[in-house]
Amino acid sequence: MGMARHQNNFNLLRLLLALLVLLSHAPELQDGDRHRELLTQLFHTLSFGELAVDGFFLLSGYLIVQSWDLDPMPAQFLRKRMLRIYPGFIVASLVCIYIVAPLGADAGRYFRDLSTSTVALCLAVLHGPITPPVFESLPEPQVNGSMWTIMREFACYLAVLLLGVSGGIRHRGVWLALTVAGFAAYLYASFNLPLPWAPLGLLLNDPIVRLASLFFAGGCFYLFRDCYRFTRRGALVSAALLLTLMFSRRYAELGLATFGGYLLFYFAFRPMWLTETFNKMPDISYGVYLYGWPVQTLLLAYLPPLSPWAMLGLACLVVLPVSILSCYLVEQPMLKLKNARRRAVTAGASL
């Protein structure tokens, strides 16, 4: 399962998941009714957006734990994670705050009420933009409702760093125990049972419990990769069990973490005829995720009513080029710095 980068489908899966988020938001942004969303109509539990975010965290858990396992250097690990997340997030946030948001408000009043200290704080902690009221005539009057996951994903990176330094990754049983504890907490909260400490209820009701559990589940797929094999029969059985659990609001997430995770990594490591060709293309999934919401919001604000499919098509025509620009102008230049310091140290040591 340790396939070379050009032989796996992680980039393709990330792009498909990002596009699923756009598909999910297309009907919800129009009237705020998530029940018109396609997957919600089918199973009456999760939306394509929730499924996609779950998939992102599963993939991320696998790859980030792998990154630590292959290069367990705390400073280098943190540097890589920050260079991957912060530049694209900061630029997208500034675009939303200073270009998109004024188009949905009285510009003069907007900039007068905008708090630069709040902007700076949000950028520092990876919080989505907090702005004066914008797009108030729309059902979802916010400039970017997708960014809420980024802070929580980075928190998972910090958990990997902490557990890596303390030996919790080297001893994979610790990681598994934390994964089980996370899902136990998620299920406990779903029953609305009384809690002995009020702040614990706030934590259990935060999406971080669900998302961190999925991230840790992805890490389990990496750490226990010697304990299972990917087979077609396994994929078919997993698909059948996942479909069954998808009808249960309480257990759908658990099904996604286990059987959905198996399917996800089955396809991630299954070479296809376009795999190597696709991996030569830029990974634009981060940009698609960051810019999808504001683009769809602008389309709703300035165009006549659109069907969800027309909304998706028009959004893709704008989001894909913007994401390519983000990749080449922001993300890739920063990613090239990931190993710059190490190369410099190596060169100095060879003198």
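Backbone N, Cα and C define each Cβ position, glycine as well.
Annotated features in TrEMBL:
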DOMAIN    9-325  domain 'Acyltransferase 3'
TRANSMEM  42-65  transmembrane segment
TRANSMEM  85-105  transmembrane segment
TRANSMEM  147-166  transmembrane segment
TRANSMEM  173-195  transmembrane segment
TRANSMEM  207-224  transmembrane segment
TRANSMEM  254-274  transmembrane segment
TRANSMEM  309-330  transmembrane segment
Looking at the stretches 42-65, 85-105, 207-224, 254-274, 309-330, which one shares the most CB pairs under 8 Å with the transmembrane segment (147-166)? 207-224
Does the structure show the transmembrane segment (309-330) and the transmembrane segment (207-224) touching, where I'm treating 3 or more Cβ pairs under 8 angstroms (sequence separation 6 or more) as a contact? no
Stretch-averaged pLDDT - the domain 'Acyltransferase 3' (9-325): 94
Using Cβ atoms and a strict cutoff of less than 8 Å, what residues sit near the transmembrane segment (42-65) while being 6 or more residues removed from its termini? 10, 13-14, 17-18, 20-21, 23-25, 28, 34, 81, 149, 153, 156-157, 160, 169, 175, 210-212, 214-223, 246-249, 252-253, 256-257, 260-261, 264-265, 268, 289
